[in-house]
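Trainee: Pulled from TrEMBL, these are the listed features:
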- 27-50: transmembrane segment (TRANSMEM)
- 43-295: domain 'G-protein coupled receptors family 1 profile' (DOMAIN)
- 62-80: transmembrane segment (TRANSMEM)
- 100-122: transmembrane segment (TRANSMEM)
- 142-164: transmembrane segment (TRANSMEM)
- 198-227: transmembrane segment (TRANSMEM)
- 239-262: transmembrane segment (TRANSMEM)
- 274-294: transmembrane segment (TRANSMEM)
Amino acid sequence: MQRTNATTLTPVSFILNGVPGLEDMHIWISLPFCSMYIVAMVGNCGLLCLIHYEDSLHKPMYFFLAMLSFTDIIMCSSTLPNTLGIFWFNLKEIDFIACLTQMFFIHTFTLMESGVLMLMALDRYVAICYPLRYATILTNPIIVNAGFITFLRGVILVIPFTLLTKRLPYCRGNVIPHTYCDHMSVAKVSCGNVKINAVYGLMVALLIGGFDILCITVSYTMILRAVVKLSSADARQKAFGTCTAHICAIVFSYTPAFFSFFTHRFGGHRIPHSLHIIMANIYLLLPPTMNPIVYGVKTKQIRDCVIRFFVGSKDTKSHNI
């Protein structure tokens, strides 16, 4: 059903078609997606609780990690419940306003993920290159303001996405060959001119992604130069160790995102559309799934807190018995 006024044709709802061509495989595709989502939610919620309750983790590095975990929770929760509803219960219909809202959250927190990774790289730069001034540079107000500005940047840049998409006339039907309301997937259903949408989306991705990656690259270049100059082998090893988790998080975030972004725009018909859809889901799922695992394994302070928590719980239980 569609409603019409003098200038536009707007659907009451859209139909999200899942993974085109693989409808018979939806149940099997849902199993790894559901497993990753459970790991992401348990891991990131666990990290947030650990950072909140452990006084030893009340430091800038872990506050930024808490921002990353919160961003990951919102980012994957914006899509996965809806995607699993399509796979399991054939719940394909989504209200037009709900679709725009989902689009807003997806793209806002995707940009915020990139911004928080940049802030974490700058945090490591200050910690390693200016250790004596670390506590005075990265104060709590600075951390809060940096997080708020990163969030505000995403909101300001994504609002035009929703406005540009809302203004389009939708006279080609309301079926979207996707598992969620991605900006260009929704725009392509329109019979209007989507050139502005495409150009603006490309501009935002390249400018914000390029700026964040440039800051991350410069930060780690300076870190590497500073670490190489350290006289102590133990100090070098510790510095490399604290950066390894951040580098892994950056790889897990940007690799699937860039693959999905560039193949969607330049892959043409050489790459199956079903692969585009699967990769679009993976780039929203892989970072939230892997970040808690990487930081739990690679960060000694977090590892020690987790061990202390479980050992303490075990000792308390034994004492009560």
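Cβ atoms here come from the backbone N, Cα and C positions, even for glycine.
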Trainee: Between the stretches 27-50, 62-80, 100-122, 142-164, which wins on the count of C-beta pairs under 8 angstroms to the transmembrane segment (239-262)?
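Mentor: It is 100-122, which has the most Cβ pairs under 8 Å.
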Trainee: What else in the chain is close to the transmembrane segment (62-80), if you only count residues 6 or more beyond its ends and a Cβ gap under 8 Å?
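Mentor: Same-chain contacts beyond the ends: 33-34, 37, 40-41, 44-45, 47-48, 51-52, 102, 105-106, 109-110, 112-113, 116-117, 119-120, 123, 140, 143, 147, 150, 179-180, 249, 281, 284-285, 287-289, 291-292, 295, 301-302.
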Trainee: Check the transmembrane segment (27-50) against each of 100-122, 142-164, 274-294 and return whichever range has the most CB pairs under 8 Å.
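Mentor: Against the transmembrane segment (27-50), the leading stretch is 274-294.
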Trainee: At a C-beta cut-off of under 8 Å, are there same-chain residues at least 6 beyond the transmembrane segment (100-122) that contact it? List them, or none.
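Mentor: Cβ under 8 Å, 6 or more out: 61, 64-65, 67-68, 71-72, 74-75, 78-79, 82, 94, 146-147, 150-151, 153-155, 157-159, 161-162, 165-166, 180-183, 186, 204, 208-209, 211-212, 215-216, 219-220, 246, 249-250, 253-254, 257, 284, 287.
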Trainee: Which sequence-distant residues neighbour the transmembrane segment (274-294)? Criterion: at least 6 residues beyond either end, Cβ under 8 Å.
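Mentor: For the transmembrane segment (274-294), the list is 18-22, 29, 33, 36-37, 39-40, 43-44, 46-47, 68-69, 72-73, 75-76, 78-80, 83, 106, 110, 113, 177-180, 182, 245, 248-249, 252-253, 256-257, 259-260, 263-264, 267.
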Trainee: Please give the sequence-distant neighbours of the transmembrane segment (198-227): residues at least 6 beyond its ends with Cβ less than 8 Å from one of its Cβ atoms.
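Mentor: Contacts with the transmembrane segment (198-227): 111, 114-115, 117-118, 121-122, 124-125, 128-129, 153, 157, 160-161, 164, 183-184, 187, 236, 239-240, 243, 247, 250, 254, 257-258, 261, 265.
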